[in-house]
Structures are given as structure tokens and as C-alpha cells.
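**Q** Here it is, the structure, as C-alpha cells.
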């Protein structure tokens, strides 16, 4: 797939558009409501995330991509003027719907779109500005990311070795995985085992915001749809086509609320950030 480069790196003063994807259900979080409406310090995650974007001098309004049956977003007050689009079943489909809405509203293909997760309310303002400034100098875009600090293990799933007959047990030196027929009643007996350690020297953890040229983003998402690709973020779509996306060093404060115990850490981070602002004032 070839993309038109005429609106690429030469346009270093593009218009900036912002989008927050808030159409997901957050099944891993385990709450009865979508996690973007979880309250932290008296506001929803979504309100916090919009407020962070509002602190950037580059952003003056925000598109919220919500589920078709969402009845909450429009009852909330936000720090930016808001307009809406209806998302899809997958994250990339929600982003695609947002891109189409922006283009239909008159956005140019050379413009930049800042895509942020509703569940990342603690992103520092200077990181938002840094990734936007980096994307201005790139033909396709840039994303926030942090180098992986922990040791990474690749795993395999097997029955507990101690509970298996000796001739069925899979030991580390065998480098194979047992053929298991998994019944619902057997799931509690399955465990993850370390298979190998992954070299982390070139590994980064992707964050948001992710910032892309609008035209190329539309094209790569169309490619994803046509080829039924499985992607976990928008940068993945560019990677499939071997198109360069710049990595911009982010902050480890910019965590995503994914599991219930993440809320404890996020609350502490938000309180510390607020205290720092008060001290400056």
C-alpha cells in the first residue's frame, strides 16, 4: 500500500484535532459501569482526561467517540467544547468513526489528530505537547511510550506439573507444550509457566496520546478493515505497512486504568500532581 506523501513532513504547522475513545466497556476492570465513568477525586476518568487535553495550548476542542447506547457522556461537564461520534465494536473501528467525523466536518488530510484513552487521566501536559511537536515533524505521526523496565517472560499454559503423571509432565528443557483438551471443569488446574525471557533492550510500552496525520491514518485504518487485521492501537496499523512512527519518551505517571487495583495508584498520582500545581501557584 502506498500513501500520498504530499501532505507529509513539509507541513509543520498543521491544524490540531483531539479525540478521546470512550466506547469501550472495560471488561478487565470488572465494574458494573464502563470504566471511563469511574469516579476519581469527584470526577469521572473521562472528565479528567479531557481536562488534561485542555491544558495543552494546541488543543481547543475534543471529539468524544462513545458507544451507541451511551447515555452518560452528554450529562457531564467538560473543560473543552465537545462534539460526538458513535464508536464501533473494536477500538480501531471507533477511531475510524472519529476520523470520518473529523474529515466530514472539514478537517484536512495534513492535519494532526491527537488520540487519547479515556482511562489515562494522569498524562502530564508537557508530554502531550511533546508528542504533538514531534508529530509535526513526521510524515505519519508519533506516540508516547516508555522503555520496558521489567524482565519480560513469554509463557505457555499447562496443567500443574506436580499434579500430572510423570510421563505427561512437560519440563523446561523439553521446549514443547502438552496437547490438552480443556474443559470448563479443568480450567482451575491450568497454570502459566515461563517459557523464555524476552530481550527488552528495544522494547517500549505504548501510551497515549498517539498523534497521526489524518489522511494516512484514514488510509491505514481502511487497510485494517479490508484485511481483517487485529490491532491493539493505531500505531500497529502503520507498523503492518512498515510506515515509521516516532517514539517520544513519556512519563510512568501516565498509567491506564485497566484493573481494579490501578485506581489506588492513579488516585495517588493525581493527588501528587495536584499538590505540585498548588505549590507552584
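A Cβ is built for glycine as well, from the same backbone N, Cα and C atoms used for every other residue.
Keep in mind that what you see is a predicted model, and the values were worked out from it rather than measured.
Found this in Swiss-Prot, in case it helps:
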{"type": "SITE", "residues": "28", "note": "site 'Transition state stabilizer'"}
{"type": "SITE", "residues": "35", "note": "site 'Transition state stabilizer'"}
{"type": "SITE", "residues": "200", "note": "site 'Positions MEP for the nucleophilic attack'"}
{"type": "SITE", "residues": "256", "note": "site 'Positions MEP for the nucleophilic attack'"}
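Could you place these features in context, so I can see how deep they sit and what lies close by?
**A** According to DSSP, residue 35 (site 'Transition state stabilizer') sits within a helical segment.
All chains included, 13 other C-beta atoms sit within 10 angstroms of the C-beta of residue 200 (site 'Positions MEP for the nucleophilic attack'). In this structure, residue 200 (site 'Positions MEP for the nucleophilic attack') belongs to neither helix nor strand by DSSP; it is coil.
Around residue 256 (site 'Positions MEP for the nucleophilic attack'), the same-chain residues six or more apart in sequence whose CB sits under 8 Å from its CB are 117, 119, 120, 207, 262, listed in sequence order.
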**Q** Please report the DSSP secondary structure of residue 256 (site 'Positions MEP for the nucleophilic attack'), reduced to three states.
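**A** For residue 256 (site 'Positions MEP for the nucleophilic attack') - judged by DSSP and reduced to three states - the answer is coil.
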**Q** Measuring Cα to Cα, how many angstrom lie between residue 200 (site 'Positions MEP for the nucleophilic attack') and residue 35 (site 'Transition state stabilizer')?
**A** 30
